[in-house]
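Contents: one structure, followed by commentary.
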Amino acid sequence: MSELSVDHLLGIKYLKPEDIQLIFETADHFKEVINRPIKKVPSLRDITIANLFFENSTRTRLSFELAEKRLSADVVNFSAASSSVKKGETLIDTVNNILSMKVDMVVMRHPNPGAGVFLSKHVDAKIVNAGDGAHEHPTQALLDSYSIRERLGEVAGKKVVIVGDILHSRVALSNIFALQLQGAEVMVCGPKTLLPKYIQQLGVKVETNLIKALEWCDVANMLRVQNERMEISYFPSTREYTQQFGLTKKIVDSLNKEIVIMHPGPINRGVEITSDVADSEQAIILDQVENGVAVRMAVIYLLASKIKR
Ligand code: ASP
């Protein structure tokens, strides 16, 4: 396969296994590029990309911007806090105004699930979903799988547990889809109140005991508790959450095998993971960040190659 089966990256659920394969092979090439003294290729010199962030982000926004610049695209950035959205403009009007400035691709983070799909039906540009509410975060899941492949050789057949706030996490949903597409086994683990009722229907194992989950897995992806998405309390206190679901050095050392430890960031050190674990050899958290740029370069490059010129 030499091109993606999709015209936009709206969610992992729209991808085929071959799309992921193609993205990873392309990312391998770009990973080599970004480790050269001159970390740039002229591939997208004629392409303009708008990064529209209607919700806060540090890593993802910087990662996309770096990826775009390393492909030599022209980049415009927009964040909702300083925009006319605050003056009551609709999403389509905002985006159409930006597109009239001849933008070819839109990378969008938005608090509403489905915002990217909606936009892709109404505007003439390639759309990349950089996180839509608690729904999907496809590039995060791609960079997570890419990092597992890099550390363990392949994703197929691996056992991955996603630990924590599954209910409010777009990272969890996109990871479940991506890992299953590649033939990995997935388990979710967390307090019952943070495990959505429908989750078993997605074909994942469910566990509420962290130690049992860790004994089962090859890889543990530790999620942050998404306090900003909670209107009520889902567990008695942060201390109790940490006692039951926090990953400590003592727990890691008590396992009779070595597991790979991941985190999408931002980390709440001392809550879902202690510093000594987050900074240990077994953790690939900074590899995930580095791979994020290469994977996003691959996604943007492959989508841009479908633009009719
Ligand atoms: N950075 C990830 C996201 O945007 C995870 C998190 O915020 O905890 O969903």
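Heads up, the Cβ atoms here are built off N, Cα and C, so glycines get one too.
Given the structure is predicted, the values throughout are model-derived calculations rather than measurements.
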- [ ] Would you identify which residue of R109, R229, R239 TrEMBL lists as part of the carbamoyl phosphate site it also attributes to R59, T60, H137, Q140, G265, P266?
- [x] R109
Open item on the list: Whole-number answer please: how many Å between the C-alpha atoms of T60 (carbamoyl phosphate binding site) and R170 (L-aspartate binding site)?
Closed with: 13
- [ ] If we count other C-beta atoms within 10 Å, could you say which of the binding-site residues R109, R224 has the fewest?
- [x] R224
Open item on the list: Suppose we draw a 10 Å sphere around the Cβ of G265 (carbamoyl phosphate binding site). How many other Cβ atoms does it contain, all chains included?
Closed with: 17
TODO: Pop the Cα-Cα gap between R170 (L-aspartate binding site) and R109 (carbamoyl phosphate binding site) into the table, whole Å please.
DONE: 12
Task: Among R109, R170, R224, the binding-site residues whose C-beta sits under 6 Å from ligand 1 - done: R170, R224
Open item on the list: Just to verify: the residue among R59, H137, R170 with the fewest other Cβ atoms within 10 Å, which of the binding-site residues is it?
Closed with: R59
